[in-house]
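First the structure, in the form of structure tokens, and then the observations on it.
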Amino acid sequence: MADPRPLLLNDSEPTQLHNGRPTRIASLDVFRGLSVFLMIVVDYGGSIFPIIAHAPWNGIHLADFVMPFFLFIAGISLALVYKRRPQRTQATCKALARAVKLFVLGIVLQGGYFHGITSLTFGVDVERIRLLGILQRISIGYIVAALCEIWLPPPRWKEINFLKSYYWHWFVVVILLALYSGLLYGLYVPDWQFDISASTSSLPPIGGGDVYTVNCSVRGDLGPACNSAGMIDRYILGLGHLYRKPVYRNLRECNMSKGQVSDSSPSWCHAPFDPEGILSSITAAVSCIIGLQYGHVLAHLQDHKERQYNWICFSLSSLALGLFLASTGIPINKALYTVSYMLLTSAGSGLTFIALYYLVDVHGHRRLTAVLEWMGKHSLSIFVLVSSNLAVIAIHGFYWNKPENNIINWIVTRFDRT
């Protein structure tokens, strides 16, 4: 049985007619299933094949497309859910309630309560619980896009055009990007310290001392040590509530070996940093609004060619602009969710959805994607099992003679290169 409220708004309103009867947009379920599948592949295969894992800092790998895919799908689904204009106050209350539920579920799943795949224990110190994560980011993008769709005026003319029809949505996009850029480049980041023994890291004190100093005193730095995104999270959330194993520890400067940062590494290599932080959630919300515009085309246009033409034009425009910004020095960075990264991944999301739509909804090749479609319809259940490691822990619980002799440890010891 499919989830009644699956991940990423799977309760989409049918927009196509077949023999006079409404049908689901199957490609949207397939895309959702593909995103969940990719999440599983990069989570469990990233340590074996680093090329598909998250880029340590600048750059883009396969894993860096997963979050934008989720946000893009949420945006498309919103346009279908609100195709018929709802009562605004009631719709807002429901959207807020759903966003809160998604946010709280994210804290439970990724806040540290469930431990790693090699541990059968659970529980978390509330002073160290991680407050932000994947579902929290999706909930933020969802509520921003939902409020745009509920409260901002609908188009007054029949023709659907990305820029003209929903100009108020694009005005919100401009405001969000201006706010993001102003904070990212304009805030002054002073020198800062963190205490490794004070619940900010799982690493032991080094050299007899447990206080590290990171020398910054800069403005507009986009490196892992002195960016304003990290500073905002440290001030608002606190070091104890950030992600304690940031992917930038895989940079050469950090000399990572067997899961531990070298004693000789720069001080910032030992510090926590949240890739789903407050500042980067602003541009992540823009990804959701962009998906919303693709959903408008899906909701209001019925001709396949017309839909694909609009989508291709916008995807290629986003791709060209993203590449241009990257060439001018704005790095492609998932941890900071830079504008170039947002545009390129939005373009990638759009092109992927176009390909699936052409394959599944236009030509009807649903057998080829039946498994992904099933995963899309049960996405929340799968996400819970994967992100909490419940499925892996269940397998881990069966062993020979002693707990260490289990299939999970066998796989980890032979294939995990971190």
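The backbone N, Cα and C atoms fix where each Cβ goes, glycine too.
Unlike curated entries, TrEMBL annotations are predicted automatically.
Residues or ranges marked as domain 'Heparan-alpha-glucosaminide N-acetyltransferase catalytic' in TrEMBL: 24-148.
Summarising the annotation, TrEMBL assigns transmembrane segment to 30-53 (among others).
For the transmembrane segment (65-82), same-chain residues at least 6 beyond its ends with a Cβ under 8 Å from one of its own Cβ atoms are 7-13, 15, 25, 28, 31-32, 34-35, 38-39, 42, 91, 134, 137-138, 141-142, 145-146, 149-150, 276, 284-285, 287-296, 298-299, 334, 342, 345-346, 348-350, 352-353. The feature transmembrane segment is assigned by TrEMBL to 65-82 (among others).
The transmembrane segment annotation in TrEMBL covers 102-122 (among others).
Annotation comment: TrEMBL describes 134-154 (among others) as transmembrane segment.
Same-chain residues lying 6+ beyond the ends of the transmembrane segment (166-188) with a Cβ under 8 Å from its Cβ atoms: 144, 148-149, 152-153, 155, 217-220, 222, 227-229, 231-232, 279, 282-283, 285-286, 289-290, 292-293, 296, 336, 339. Taken from TrEMBL, the feature transmembrane segment covers 166-188 (among others).
The transmembrane segment annotation in TrEMBL covers 278-299 (among others). Long-range neighbours of the transmembrane segment (278-299) within the same chain, counting only residues 6 or more positions beyond its ends whose Cβ lies under 8 Å from a Cβ of the stretch, are 13, 15, 25, 67-68, 71-80, 83, 132, 137, 140-142, 144-145, 148-149, 160, 162, 165-166, 169, 172-173, 176-177, 179-180, 183-184, 228-229, 232-233, 236-237, 307, 310-311, 314, 318, 335-339, 341-342, 345-346, 349-350, 353.
Residues annotated as transmembrane segment in TrEMBL: 311-332 (among others).
For the transmembrane segment (338-360), same-chain residues at least 6 beyond its ends with a Cβ under 8 Å from one of its own Cβ atoms are 25-28, 30-31, 34, 60, 64-65, 68-69, 72-73, 76, 177, 180-181, 222, 283-284, 286-287, 290-291, 294, 307-308, 311-312, 314-316, 318-319, 321-323, 325-326, 330-332, 366, 368-369, 373. Taken from TrEMBL, the feature transmembrane segment covers 338-360 (among others).
Residues or ranges marked as transmembrane segment in TrEMBL: 380-400 (among others).
Within the chain carrying the transmembrane segment (134-154), a Cβ under 8 angstroms from the stretch's Cβ atoms is held by residues 7-9, 67, 70-71, 74-75, 78-79, 82, 85-86, 88, 91-92, 95-96, 98-100, 102-103, 105-107, 109-110, 166, 168-169, 172, 176, 276, 281, 284-285, 287-289, 291-292, 383, 387, all 6 or more beyond its ends.
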